[in-house]
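Engineer: Pasting a structure here, questions to come.
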Amino acid sequence: MVDSVYRTRSLGVAAEGLPDQYADGEAARVWQLYIGDTRSRTSEYKTWLLGLLRQHGCRRVLDVACGTGVDSIMLVEEGFSVTSVDASDKMLKYALKERWNRRHEPAFDKWVIEEANWMTLDKDVPQPAGGGFDAVICLGNSFAHLPDCKGDQSEHRQALKNIASMVRTGGLLVIDHRNYDHILSTGCAPPGKNIYYKSDLTKDVTTSVLTVNNKAHMVTLDYTVQVPAAGQDGPPSLSKFRLSYYPHCLAPFTELLRAAFEGKCQHSVLGDFKPYQPGQAYVPCYFIHVLKRTA
């Protein structure tokens, strides 16, 4: 339905099933350059995530949107037992390559990587003994990739229910989304640096909002990225690609998350890794939800 009104992705990207917006391979390659490796993660993000997981005694972590594996690699290096899944085989190949290259390291030899779909996650990923993972992470605005094809958010509810089912009692779900409240009210993303990536390759990001029947239905981001030349002497080139997102606003997404846990959770919201208060002066780029299953 979404493609009948507006082209949601770069040409060549798969249109059936759970949309893989990186299926043409080129978008996945450019995205890998854009986000970089573990060294490209901001120190604030790394310190926050590792501190959160260790504070709650998390050891077994499920990354349900691992992409190229950059977060999972960081967690494996830090001693966590990691299972990494993604719906895009083009993205997973980078994670698989890293695991192969470091297979002689015991931690990487034990790293589990699987292709999986949020809509069937409970069937695609076996739970560890003890009734679930200590922590499930879905970061980098990943969940917003899932569109609302039926117009009733039933896919969102099912996917979140499946993701929540992987969290053990006392375990955490850490999931985020861009500040779509600000994007929808202003038409632009909040000013400020990316809290996750230190990439200096981004030359431009253009934001568009699609409204259907007076309701925001989709946000597209058109990236222009400077790609380094293959050789030492060649000039860099500019690559363009488009990604589309469902605009999850803070209040309704909070309701979806609590429903996924049937209300049996503790829930807190951060704005760019800091406690968030509605109406505060600072406008965050991302909202991060931390939910702890209570029963």
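Placed from the backbone N, Cα and C atoms, the Cβ positions cover glycine too.
As annotated in Swiss-Prot:
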- Ser4, Tyr6, Arg242: (6S)-5-methyl-5,6,7,8-tetrahydrofolate 1 binding site (BINDING)
- Tyr6, His217, Arg242: (6S)-5-methyl-5,6,7,8-tetrahydrofolate 2 binding site (BINDING)
- Tyr22, Trp31, Tyr34, Arg41, Ala65, 86-88, 117-118, 139-142, Arg178, Tyr223: S-adenosyl-L-methionine binding site (BINDING)
- Ser10: phosphoserine (MOD_RES)
- Tyr34: phosphotyrosine (MOD_RES)
- Lys46: N6-succinyllysine (MOD_RES)
- Lys193: N6-succinyllysine (MOD_RES)
- Lys198: N6-succinyllysine (MOD_RES)
- Lys203: N6-succinyllysine (MOD_RES)
Engineer: Counting other Cβ atoms within 10 Å of each residue's Cβ, which of the binding-site residues Asn117, Asn141 comes out lowest?
Structural biologist: Asn117
Engineer: Please report the three-state DSSP label of Asn117 (S-adenosyl-L-methionine binding site).
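Structural biologist: In three-state terms, Asn117 (S-adenosyl-L-methionine binding site) counts as coil.
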Engineer: If we check Cα distances from Lys46 (N6-succinyllysine), which of the binding-site residues Asn117, Leu139, Arg178 wins as closest?
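Structural biologist: Looking at Cα distances from Lys46 (N6-succinyllysine), the smallest one goes to Leu139.
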Engineer: Would you pick out, from the recorded positions Lys46, Arg178, His217, Arg242, the residue whose Cβ has the largest number of other Cβ atoms within 10 Å?
Structural biologist: Arg178
Engineer: Just how many other Cβ atoms lie inside 10 Å of the Cβ on Ala65 (S-adenosyl-L-methionine binding site)?
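Structural biologist: Excluding its own Cβ, Ala65 (S-adenosyl-L-methionine binding site) sees 23 Cβ atoms within 10 Å.
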Engineer: Let's check the environment of Leu139 (S-adenosyl-L-methionine binding site): how many other CB atoms sit within 10 Å of its CB?
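Structural biologist: Within a 10 Å radius of the Cβ of Leu139 (S-adenosyl-L-methionine binding site) lie 21 other Cβ atoms.
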